[in-house]
Amino acid sequence: MRVLLVCLLLCALVVSDSEGSHELHGVSDASNCGCLNGGTCVTYKYFSNIWRCNCPKKFQGEHCEIDTLKTCYHGDGHSYRGKANTDIMDRPCLAWNSANVLTKTYHAHRPDALQLGLGKHNYCRNPDHQRRPWCYVQVGLKQLIQECKVHDCSSGKKPALPPGKLEFQCGQKALRPRFKIIGGEFTIIENQPWFAAIYRRHRGGSVTYVCGGSLISPCWVVSATHCFINHQKKEDYIVYLGRSRLNSMTPGEMKFEVEQLILHEGYRADTLAHHNDIALLKILSNNGQCAQPSRSIQTICLPPWNADPNFGTSCEITGFGKENSTDYLYPEQLKMTVVKLVSYQECQQPHYYGSEVTTKMLCAADPQWETDSCQGDSGGPLVCSVQGRMTLTGIVSWGRGCALKNKPGVYTRVSRFLPWIRSHIGEENGLAL
C-alpha cells in the first residue's frame, strides 16, 4: 500500500508538471542530466534526486539528442540525429535497445551510445562511418545491417521510388542463408543473386563457360585474373546475371558485354599458387544499361578493411564447377556448398600448402573433405556473414585437386584488395562497400 501511495504521488507530480512549470526546478549542474542541444536539466519539486531534460521545441529524447526536424544527412551521416526509421525497402528498423540488437556491436547500452546517437529508439544512425545512415532490420531469422531511406542533404530531395521498383541492397537475397549444407546441392540464382556467369565467344560462333564472378556494383563484376590471363580481348567475353542454368535461359536473366577488363598488374602464377588473383569487369548491356535489381540480381557487400570472419566460420561457395576433377563436363545447374575458413597456421603446414599460402589468401574446406570448389568455379564468390551482412570474403583462386584431404580451396582475400578495387572503380555510386 505504501508503494502504491508513492507511485500515485509521483504520477500526480508528473501530471502537474504537464499543466504548469511551477512543480519543476532548474538544476545548476546540468551534467546530472547530460542534456544536449540547449536542453536544461530540471528536477521535481518534491523529488530532488530525480532529474530529466527539458528540451527546446525541435528536440526530443531522454537527452534532447533527437532532432525532430532533420530530414536529410550530411557527409556519411555520422552526425545525423533525425527520425528516419525504415530501410530503403520500407522495412522497419529494430530499436537499438531491443534484445536482438543488444548482441550486436552497436546498441543502446554501449558506454558511448549517447555520443553515437544510439538510445531507446529505432532511428537510423551511422556510428561506424559507413556510406550512409543504417539500422538493423529483421530479415527472416537474422538481424541485418541495411541502409536507410533518408537522403543526402547535398543531393536534394530524393524522389520516391515508383511502386514495385527495387534498389540495390548489397548482401540481401530472397532466400535465407543456409550454412548447414553438407556435400553441396544444386540451387537457383535467388540463393546467390550476385553470382555472375562469364562466357567466351570463339571463332565460328560457339560460346563456352569460363569462370564465375560477383556483382559488386551495378556496373562492375569482380573475378579472378587467371581466368583471363591467356586471352585478354574484352570483346570476346559475355557476362550473364540472374542465370541458374549453364546453357539455357533463366527467366529474368540479363546479358552484358564487357566494356573494360582490368587484370591485376601484380598477378603471377607459381607451380600451383596464383598471386594477386583478382580482376574487374565493367559490364554494359546492348542498350547501354548496367545491371537492374531484382529477386535474381543483387550486389554483394565488400568486406570491411582487414575484418575477415574468424577461422572456423561457415561460408557459401557457388558456381558451375565440376563435381570431380576427372569430370568431362560442367554441371548444367548452378551448385552451392558450404565450407569453413581454415587458419593460416593450419593451411601453411607442410602437408597442406606450406609457404605457397600468403596473407593475401584465405583457405576454406569442408571438415569431412567431401566437397570443395573445383575446376570451373574459379572467379566465383566465397560469401560469409560479416556484421550481419552477406559479404564477399574471397574469390575462388586455386587448390590441388578437388575435395582432397588436407588440400583446402584457396581464395583471394578480398579485404586486402579494397584499395585496388577503389582505385579503378573510384567512388562510383552503387559500390557495395
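We count from 1, first residue shown onward.
Here the Cβ of each residue, glycine as well, is placed from N, Cα and C on the backbone.
Within 10 Å of the Cβ of Cys41 (disulfide bond) there are 20 other Cβ atoms, across all protein chains. Annotation source Swiss-Prot lists disulfide bond at Cys33-Cys41 (among others), citing similarity to another entry.
In the three-state DSSP classification, Cys35 (disulfide bond) falls within coil. Positions annotated as disulfide bond by Swiss-Prot, on the basis of similarity to another entry: Cys35-Cys53 (among others).
When secondary structure is read from DSSP and collapsed to three states, Cys55 (disulfide bond) falls in the coil class. Annotation source Swiss-Prot lists disulfide bond at Cys55-Cys64 (among others), citing similarity to another entry.
Per Swiss-Prot, the feature disulfide bond maps to Cys72-Cys153 (among others); the stated evidence is similarity to another entry. Counted within 10 Å of its Cβ, the other Cβ atoms near Cys153 (disulfide bond) come to 15, all protein chains included.
For Cys93-Cys135 (among others), the entry in Swiss-Prot reads disulfide bond, with the evidence type similarity to another entry. In the three-state DSSP assignment, the secondary structure recorded for Cys135 (disulfide bond) is strand.
Annotated disulfide bond per Swiss-Prot: Cys124-Cys148 (among others), in sequence order. Other Cβ atoms within 10 Å of the Cβ of Cys148 (disulfide bond), summed over all protein chains shown, number 24.
In the shown protein chains, 26 other C-beta atoms lie within 10 A of the C-beta of Cys211 (disulfide bond). Residues or ranges marked as disulfide bond in Swiss-Prot (evidence: similarity to another entry): Cys211-Cys227 (among others).
Proximity of Cys290 (disulfide bond) to non-local residues of its own chain (separation of 6 or more, Cβ distance below 8 Å) is seen for Pro218, Cys219, Ile283, Leu284, given in sequence order. Per Swiss-Prot, disulfide bond is recorded for Cys219-Cys290 (among others), and the stated evidence type is similarity to another entry.
Per Swiss-Prot, the feature disulfide bond maps to Cys315-Cys384 (among others). Counting every protein chain shown, the Cβ of Cys384 (disulfide bond) has 26 other Cβ atoms within 10 Å.
The DSSP secondary structure for Cys363 (disulfide bond) is strand. Sequence annotations record features per position, and here Swiss-Prot assigns disulfide bond to Cys347-Cys363 (among others).
For Cys374-Cys402 (among others), the entry in Swiss-Prot reads disulfide bond.
Here Swiss-Prot flags 29-65 as domain 'EGF-like'. The average pLDDT the prediction assigns to the domain 'EGF-like' (29-65) is 77.
Per Swiss-Prot, domain 'Kringle' is recorded for 71-153.
The N-linked glycosylation site feature in Swiss-Prot is assigned to Asn324; the stated evidence is sequence analysis.
The feature phosphoserine is assigned by Swiss-Prot to Ser325.
Among the features that Swiss-Prot reports, region 'Binds urokinase plasminogen activator surface receptor' is placed at 36-59.
Here the C-alpha separation of Cys315 (disulfide bond) and Cys35 (disulfide bond) works out to 45 Å.
Taken residue by residue with DSSP, Cys124 (disulfide bond) is part of neither helix nor strand, so it is coil. On a Cα basis, Cys135 (disulfide bond) lies 5 Å away from Cys124 (disulfide bond).
With DSSP classes pooled into helix, strand and coil, the tally for the domain 'Kringle' (71-153) is 8 helix, 21 strand, 54 coil.
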